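Q: Handing you this structure, nothing more for now.
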Amino acid sequence: MPHILAEALTIEFPLYHMGARSLKKRILAKSPIRLRQDDSNRVVVSALRDLSFRIDRGERVALVGRNGAGKTTLLRTLAGVYEPVKGRLEIEGQIGSLIDPSAGMDMESTGRENIVLRGLFRGLSEAESEAMADSVGVFSGLGEFLDVPVRTYSAGMQVRLSFAMATMMEPEVLLMDEWFLAGDADFMAKARERLARLVTGADILVLATHDMAVVREWCTRAIRLESGRIVADGPVEEVLEAA
Amino acid sequence: MLDATLPRKASPPVQLRDAARPRRRAVAMEDLATGLRRWRLPAALARLDIRNRYRGSVLGPFWLTLSTAVMVVGLGFLYSSLFKLTLADYLPFIAVSLIVWTLISQTVTDACTSLTSAEGIIRQLPLPFTVHALRCVFRNALITAHSLPLVFLVFLATGTLPGPEVVLLIPGLALIAVNAFFVALFLGMLCARFRDIAPIVSSVMQLAFFMSPVIWKPELLGERAVWLPLNPFYALMETVRGPLVEGGVPGIVWLAAVLYTLLIGTAALAFFVRFRGRIAFWV
């Protein structure tokens, strides 16, 4: 059964390229809260500290909190980008992540080539990726621009292409950052519909966002992060009111 | 239905990351297996790298062929008279030498950025790191492939043809490919963690160019040539150059080349198993 289980999950970013020792001392003196020295005398940023939670099938979880609270780091950790420094993370279910839409996009390639490339990134065969290209092309509404280098696209067109590529999946665990709110109004109507289907199709949704309207509309549970710790976890209204 | 084309994949349903019991070996082996199985992705990325590098240029990657050709002809004339060799004798040697050396030295230099250049992808998509190392190998293989017509041209022009031992070229190239992969993995990680390694590597490669028999023939060393297999660059270069222009390779060179491959392979794998989980924090 799809679920996410985190026990005392901790992520620390070491600051390796930090020149002089005096600078190190000054930084440490200034912010004793999230910067500290680890056992081997390195300065590390505690991005996530001691997170424990369990998300079960059917839950739609919003990660809320200020910039730098650790929302995106938690999403990336769930996606498998970062290995936990301490603690344990167990995820059952196929993961789909909509974290950075443009990751792995090649600006010099055409839209169609990028779609095939994205398919390869996801581990599809070339034939499967080619098949994906047509449906993504239709959905993104790029028309003839599909065969033009992405470099020449407007920002809105890039978002449309990214969105169409990213949502061509049916994951059990869906990890999403709030970038998808960009895009022109006409496309957003279409996008909403697709997102709604993706979200309802997924067994678990984890969404990082600042937009409380989105949280209220889509989520059943909210986790509030503050400087890398969980400060509130519960039904949406409870968590949002407490702040 | 759109999604009918994308069936839910039976990838490992449970992912477990436990800092107390990291299962490093299993995770690293899975990375290698998945990365090698999905070789099409690094191949596509390598093709893009080459295309983007020469975008808008008329000759494109054939500039590489041209510049190698100029080098071969220039060095051929100069050094054949310095070493008092006939041009027909020296030209095939220098052509193969230069191409193989460029392959080795470019791969090693490129290996230093195999992971740091993929920073954007590493931090966003959980891909096997093997993919990035393979991308580096494929990229350099493609670049070298552009210079291969030169070898044929030189052979035609000088009327020298390699004997049946030329089939040994295949294991020779395979050895270089395996080495390239391990070097891309090893140096890629090392240079991501310690940013001073890359400049060191590039100066070592420059020194190695003069210290290895690239321009000069190994015979020039006389009796001391027996020590040459101690130079790993010589051993690897010779497994490709020997079958093409020197009528075969002594067994000791093969032995040395295999030994160096095992060494770098062990080092790279040990390092990869131990530090794989840290790469995303390093780049």
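Positions of Cβ are set from backbone N, Cα and C atoms, glycine also.
Marked as domain 'ABC-2 type transporter transmembrane' by TrEMBL: B:45-242. Feature annotation from TrEMBL assigns transmembrane segment to B:58-79, B:91-116, B:137-156, B:168-190, B:197-216, B:252-273.
Can you walk me through where each of these features ends up in the structure?
A: Away from its own ends, the transmembrane segment (B:91-116) comes close to residues 68, 71-72, 75-76, 79-80, 122, 129, 132-133, 135-137, 139-140, 143-144, 147-148, 150-151, 154-155, 157-158, 160, 176, 180, 183-189, 191-192, 197-198, 201-202, 205, 208-209, 212-215, 217, 233, 236-237, 240-241, 244-246, 279, 282-283 of its chain (Cβ-Cβ under 8 Å, at least six residues beyond either end).
If one looks beyond the transmembrane segment (B:137-156) by at least 6 residues along the same chain, the residues whose Cβ comes under 8 Å of a Cβ in the stretch are 42-43, 45-47, 49-50, 61-62, 64-65, 68-69, 72, 91-92, 95-96, 99, 102-103, 106-107, 110, 162, 177, 180-181, 184, 244.
Packing against the transmembrane segment (B:168-190) from elsewhere in the chain are residues 100, 103-104, 107-108, 110-116, 129-130, 132-134, 136-137, 140-141, 197, 201, 236, 239-240, 242-244, 248-249, 257-258, 260-261, 264-265, 267-269, 271-272, 275, 279, 282: each is 6 or more residues past its ends and has a CB under 8 Å from a CB in it.
Long-range contacts of the transmembrane segment (B:197-216) within the same chain: residues 75, 79, 83, 94, 97-98, 101, 105, 108-109, 112-113, 187, 190-191, 228, 231, 233-234, 237, each at least 6 residues beyond the stretch ends and with a Cβ under 8 Å from a Cβ of the stretch.
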